[in-house]
Amino acid sequence: MKSLRTWINPLGAAALALTMLTALTAPTTPAWGQTRPGGPQPSSAQAAPSQAAHRAEGQSSELFVAVTRDNASAVTRLLERGMDPNVRDAKGQTPMVLALQLGSLRAFDALMASARTNVEFRNAHDESPLMIAAIRGHRDAVVRLERQGAHVNKPLWTPLHYAAAGTSDEQVRITDFLLEKHAFIDAQSPNGTTPLMMAAQYGTEGVVRLLMESDADPLMKNQLGLTAVDFAKRAGRERLAQELARYEEHVRQRRMQGSPTPPAAPLQ
């Protein structure tokens, strides 16, 4: 699958819904895969992998197979034999992120049990395990990752963006947990997208409601000048767009009066 990082940071297994954002964003240059014309070329000795490298690559492939099959015992066995849990496959994927994308939660448990696992080790698209756990609705994984040091805030796309875009029954609790851990509610992606915008187009009404109650800014615009109301309209969510429009006007009036913004009224 072609990488969408040119427009947005792809959402891994959940990319199907979020690829619609490509029409809303401005191009950026990916940090990886950049060619360096005229740069030094590796010598034949450097280009030829060693037998040790071949063995490491084979073990890495075994680890990804074990994760795909949700085979916790195989994951544990490979790690005990010295396999590095912080590796990327040819597509830039990591074992932890893959486990959470696929719902291989036994494999995830085995990876978490290793003291060598870096919970902030990201894939080639800068997606952390916490981001994938958030969008896939794995609340227990979200809590465990945060307790083990996963970053709730990060530059560009954040775990809160991903939580806001999810559709599971756990999304409100996950979003609430991230906010309690001081996730920046109005974080902006490279194209200016906020969590409220993501929730308005892709997420649940419950998450939209929670973000409004938590004073998310409905007046913010992305690079194309679109607000959360516009995102809801693009998704055909007219009732939600109307509620967001009322919230937007409410916030605008309160700001004109110089008063803090009280919680939004319930969805009608």
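Cβ atoms are placed via backbone N, Cα and C, with glycine included.
Features of the protein shown, as given by TrEMBL:
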- 1-25: signal peptide (SIGNAL)
- 29-61: region 'Disordered' (REGION)
- 41-53: compositional bias 'Low complexity' (COMPBIAS)
- 58-90: repeat 'ANK' (REPEAT)
- 191-223: repeat 'ANK' (REPEAT)
Within the predicted model, mean pLDDT of the repeat 'ANK' (191-223): 98
Residue counts (helix, strand, coil, in that order) that DSSP gives for the repeat 'ANK' (191-223): 16 helix, 0 strand, 17 coil
